[in-house]
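Structure record follows, encoded as structure tokens.
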Amino acid sequence: MFRSSNGAVGAGAGLDMTDIFGDTFFSPQGDMVFLDNEARGVGGGGPGPIVSTVGSRSGVQMGFVTGPSKPSSKSAVASASSASSGSRGKKRARPTERKMSEIQKVERRERNREHAKRSRIRKKFLLESLQQSVAMLKEENEKLRSAITTHLGAPAVDSSIHPPNPAGHPSLLSETPSAGDKVLDDPDFSFVKALQTASQNFVVTDPSLPDNPIVYATQGFLDLTGYTLPQVLGRNCRFLQGPDTDPKSVEKIRLSIELGNDMSVCLLNYRADGSTFWNQFFIAALRDAAGNITNYVGVQCKVSETYARNFGNNPQKCPYDLYAEQLSGTAFTVPRKDNKRVWFYRIQPSVLHAPFSRFKGTGKGEWEGHGSISSPNFTTTPNQLRWDPLPLSTGKGKTFLQGMRTVAGHGDPGSKHGLAVHMYSAEVSMEKECVYNSDGDFLIVPQEGTLEVQTEHGHLTVPPKHICIVPRGVVFKVGLSGPSRGYILEVFQGHFELPDLGPIGSNGLANPRDFEAPSAAYDDDSGSTWRMYNKFGGHLFETKRQGTPFNVVAWHGNYAPYRYDLDKFCCINSVTFDHPDPSIYTVLTCAGDSPGTATADFVIFPPRWMVMENTFRPPWYHRNCMSEYMGMIHGKYDAKEGFRAGGASLHSCCTPHGPDKATFDKASEGELGPEKFEAGLAFMFETNVIMDVSGEALEAEWRDKEYFRCWEGIGRKFEYKQQAGDKRKR
């Protein structure tokens, strides 16, 4: 998952399309190098692992192979393992591989071989003709020189005959001495001459022929693969594939050819005798003056056995003298589909810091007075609660960490059970300071201001209408360009994952391909002093360390921070009648102890069409056994007035809530027709626990203490007139 992040900070920063939740990985950058046979994409969250490349500062790719981090757009490359053909102009209808009989396949292969043979004969004939022409011109030139010398004398010779040129080409009686070189500079002649003298391993394919067959192969390619020229010509390069060839790498090659893009990939290929070799290969399309693809060229580079041996996670000696370090997100022995970990390859290990001590505060926040959510500062209340927007931090110089305020929560981070809800209001970037959370995962929802989140894995740019997940233990810092405000959901147990779709099918809601993890981007700064914070057991601890913690040159695994654009949510709704349960708007869930019951769900209420007939369309009156904390990212809520962007509400377990009187009257009497709601974007943190509310949140000036009055005036509408003969009691 790639669309690059505009405004990503730092050299080598950027995002890759992820496989955070196990879906297909695609990177048009073509700069991925797999570190082991488990790694299959940038991202993993579910079982899908994550791979990252080194940032552009380093000039090398990690993956234990040297070379440029990205092939030149002019590099001559075409897949020796391509599974599809390119195209020039419109594609001709042709039988697919599955529909063709064996006889048709043999006939097609023979036609392609004959074409290749004729092509080679034509080029050979061209070369021989040019060489013969050069010899004839040279002979004629000698005769002319002799005639001029005989009839005109030496002075005329000096003034009329051009001296021989340095290349040894024939001299001519001409005003343009280089005119005789034009034939030798002909592109077709130069191409043939280059092919004959090349010692590299490459092939040329022709996309104008069925199945994009090989029409030229160098001797180096034949020596590398063990095939003879007749065995190669007329065939698609897929004969180099075998049972252990990575299908995702093949798919990347196929897509590159389909789009006409240059790319590089490393994969396992098979020789004619069945032996294997690791092949780093490069693909490029050759185009004519009009930009049409005429050929594909593929260059094969055999990767050393040392590279293959270094596919392990922690080699005896890491390339570039880096240190291997693992961060585990789950216990070692959890089921494999749930196991999460990441391998970092860093300039210095994380152990280089002084002892931690309890943070005493600076007077600017940092969880001061909050402590553990089980402290006496937190109390329960069944009342409906609503808060106006948290005031923006202006002129107070607060960082993201200093501007955090705990609103509510339940459980104990020490026993890894429960959750907490925070808000933040900040205006300055964290400089030479960082934090990691030992208590759980953060889900951050910016409401105002863009966050530039630097993590050990790389950079994430997170503007409003995006979310960002920073897993437990990942070191990060937050950069700001001005006043910022938002919400944070912290889960003490488990990790966020996509909800099951059930009868919805395989597509819908938040699609796996739209979650983005960062590419590796490191800082090489070992001399500076950093202040590091650790949220541990509901308290904040601090220490100092020498050198930046963001010194990870490369990483791979399935435990990483990631972001998601809420505009990409595929909304599901009723197209007949009734307002469905809000669970159909679930983006991410963190599983609880019982199947189907979440520790926390992250739900959004996005712009959507409402077409239900004979239905009260706003959210209905509700008493939920779950607790609902809601926030407003922008616009207004469709259930009641007064719920402002940046504000929040909490309706705890079985506490009644629903639309206000004005909303109920309007939705009950209005004429129904197709209507698109796009007035705002709200979200909900839903949990199965009864949350305790912090004293600060209950006493805050921005709490709407008159919230309960929004339901005043909802009167009795019921009237029952007993009919004659009706014996039911009124």
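Note that Cβ sites are derived from N, Cα and C of the backbone, with glycine treated the same way.
Values in this document were obtained by computation on a predicted structure and should not be read as measured data.
Sequence annotations record features per position, and here TrEMBL assigns active site, proton acceptor to His579. DSSP assigns His579 (active site, proton acceptor) to coil, not to a helix or a strand.
If you look up TrEMBL, you'll see His622, Glu628, His657 marked as Fe cation binding site. Taking the Cβ of His622 (Fe cation binding site) as reference, residues of its chain lying under 8 Å away and at least six apart in sequence are, in sequence order, Pro656, His657, Gly658.
The homogentisate binding site annotation in TrEMBL covers Tyr637, His657.
Among the features that TrEMBL reports, compositional bias 'Low complexity' is placed at 67-87.
What TrEMBL lists as compositional bias 'Basic and acidic residues' is 94-113.
If you look up TrEMBL, you'll see 102-148 marked as domain 'BZIP'.
Look at TrEMBL and you will find 191-260 tagged as domain 'PAS'.
According to TrEMBL, the region 'Disordered' annotation covers 61-118.
A straight line from the CA of His579 (active site, proton acceptor) to the CA of Tyr637 (homogentisate binding site) spans 16 Å. Note: the Cα of Glu628 (Fe cation binding site) and the Cα of Tyr637 (homogentisate binding site) are spaced 15 Å from each other. Those same-chain residues not listed among His622, Glu628, His657 yet with C-beta within 8 angstroms of the centroid of the Fe cation site C-beta atoms are Pro619, Arg623, Asn624, His651, Thr655, Pro656, Gly658. Ranking the recorded positions His579, His657 by how many other Cβ atoms lie within 10 angstroms of each Cβ puts His579 at the bottom.
Assigned with DSSP, the residues of the domain 'PAS' (191-260) fall into helix, strand and coil as follows: 35 helix, 8 strand, 27 coil.
Within the set of binding-site residues (Glu628, Tyr637), the lowest number of other Cβ atoms found within 10 Å of a Cβ is recorded at Glu628.
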